[in-house]
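Comments concern the structure below.
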């Protein structure tokens, strides 16, 4: 009995030591630096245009009048402003489309570094637009900044998922969402009148984009490339071992290398799959569908509508107009705290409860918000309930739907499928973003406060789908996750692996015979990590 208790104690102690070893200094620095120069800028550019909106519109009007001798009409000004805001999503779509060949040739880390060219170029264009008297520079800068965001929201989660041990893959993956929230909050803070929220200072809001880019360019080159990329795509074992040693903080990485080599043995005669090949692969059909649905719900769940109503709801609650920008900071703070909380508990609770629970809570609070907004003029305390619902919806979004879709995309697919999978996820993400921006004014105009019921229905549909389809991926290898989907895809695991390989096999006959030989020798059955 004593021996058994001692063994249990030793096991717990070993688990604690193992957990501590997982979080090496290099792993933390790589994730923070990568996110600061990538997802942080995406969040920052979502919120940075809100505070100086009136000053930018005035700049547009003055530029138009100086060029043509008359003021711009209201409809044209509204169109120019709408283009300025929404064209960010068009740039994002372009970035999501071009990211696959970039990460293939440059690698994950080098793609993040290369992406800073877009960020710095965009920052210079937007910050100098007032001095140059050209609003076209600001619009072009927003497009280029969108390209940067489209690339980073695919390359960063890919990099984080490949450098992290499976025990902390979810927590490290949530760094993407946490820095998006921090970026939104930073944009709100810097937009305050005491800082850059003044007519003469608004260009500095865009010039500040250079700072995270420079930090990433200075630090990231000293950190390794993704070891999985080095081993499976570059076939450089020595560099991959050194990368594993750096990120895991230990000398003996033979177990980790062997796990990846098991996948390498299956993929040695294969190449990266295209988007079309991935869509045709039956073995990952439900993984692709799940990624598409989670990414669509991520954008269509109504958080943009919440930002639209925030100021009016705070005003109805009796908050002074000049005080509202400061009170709005509470939304960014709640968003950040909820995202950090999700990162801390994701490895305990798992992806599935947080994602389904987040969408479920949003359904409840959207319903309550609809009632409170409809009746708020009849009961004096209802505006305060509306404020609570807004904060609760933001928190519900950030604990699950705000970051886990990026984590799942990295977990569902094998090395050769991952770039195409992130391209699909990014395309759906940015198309949905653009759709919301295009259609929401019409939905809001037609349904008024009842527009939130549309978003409640989308969240309910997403939660229902995930409840029946999504398996738990916490602490599971890629091989185990493939097994979880095998039955739903109506393929056996062995057939799944053969489909994966045959979909990517090179065309010459010699390589085909080599692959058949490896299957015959049982290498395929050793499993994909």
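Glycine too: its Cβ is placed from the backbone N, Cα and C atoms.
In TrEMBL, the annotation transmembrane segment applies to 139-160, one of the ranges 51-72, 139-160. Looking up the ranges 112-133, 244-265 in TrEMBL, the one annotated as transmembrane segment turns out to be 112-133. Outside the transmembrane segment (112-133) by six or more residues, the chain places 34, 37-38, 41, 59, 63, 66, 95, 102, 106, 140-142, 144-145, 147-148, 151-152, 155-156, 159, 202-204, 206-210, 212-213, 216-217, 220-221 with a CB less than 8 A from a CB of the stretch. Packing against the transmembrane segment (324-346) from elsewhere in the chain are residues 47, 51, 170-171, 173-175, 177-178, 180-182, 184-185, 188-189, 191-193, 197, 307, 310-311, 314-315, 354, 390-391, 394-400, 402-404, 407, 474: each is 6 or more residues past its ends and has a CB under 8 Å from a CB in it.
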